[in-house]
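S.K.: Taken from TrEMBL, the feature domain 'Fatty acid hydroxylase' covers 114-249. Taken from TrEMBL, the feature transmembrane segment applies to 35-59, 101-119, 172-191.
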Amino acid sequence: MLPYKTIDEASAALGRPLTALETLWFNYSATKSDYFIYCHNILFLFLLFTCAPALYVLLEHLSSLANNNKIQKYKIQPKVKLSLSEKFRCYRDMIGIRTSLPLPSLGEIAAQLLVYFMIEDYTNYWMHRFLHCNKWGYEKIHRVHHEYTAPIGYAAPYAHWAEVLLLGIPSFLGPAVAPGHMITFWLWIALRQFEAIETHSGYDFPWTPTKWIPFYGGAEYHDYHHYVGGQSQSNFASVFTYCDYIYGTDKVFLHLVLFF
């Protein structure tokens, strides 16, 4: 949200009149919170993805109806002619996630979620570890997430924009490798969010159901990683701790738990 209530206040603070674009931005954002504006990113991306290709589709369709060779001569493969339904099929099915019946069985959902978790864990582990082992990566990118040495739930997605893009790849890699039903995808996104929030909650309740899941890291495990901060060379696990166990990056934490 802008710290100015009126355009005059904004002009006085800048020491000059607002440009036309600045006035437009002021009218759009002056009374909206930053969070509300950030949420518009999804709408902006959707509109851009919808409208930009539609211009080319419309141009080709109209020029074809009018038999306009002036436009058609610029087409790279003029012999290929797709119907409107064929052109929009990739728009409807752009990520390969099906929405039709039948719904997936519980076994199918469980198997795909397991694959998603395994892929996300392994790739996230090495990306996360790289951001700690690489001085530039930590100082310029990952340090933002570690501003909270005692994490809270809202700190789970709090990170540098580059880290959001980088560590977002593992979450979508599983569905890309093994596409499922939309319901499975929703469950996957929900579980990832709930897991990240619980892991960053700062509370280690003895009755937490996740304590019954083998190799699950949990809040205490990840809290230590934040407590140590930039010097941490352990507990890189995203959800499950098998990578830390295999590559020996959990020894310091296990030693502290065992002897202290």
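Counting begins at 1 with the first residue displayed.
For all residues, glycine too, the Cβ spot is worked out from N, Cα and C.
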S.K.: Determine how many residues of the domain 'Fatty acid hydroxylase' (114-249) DSSP places in helix, in strand and in coil.
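M.R.: The counts are 93 helix, 3 strand, 40 coil.
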S.K.: Please give the average pLDDT for the domain 'Fatty acid hydroxylase' (114-249) in this predicted model.
M.R.: 92
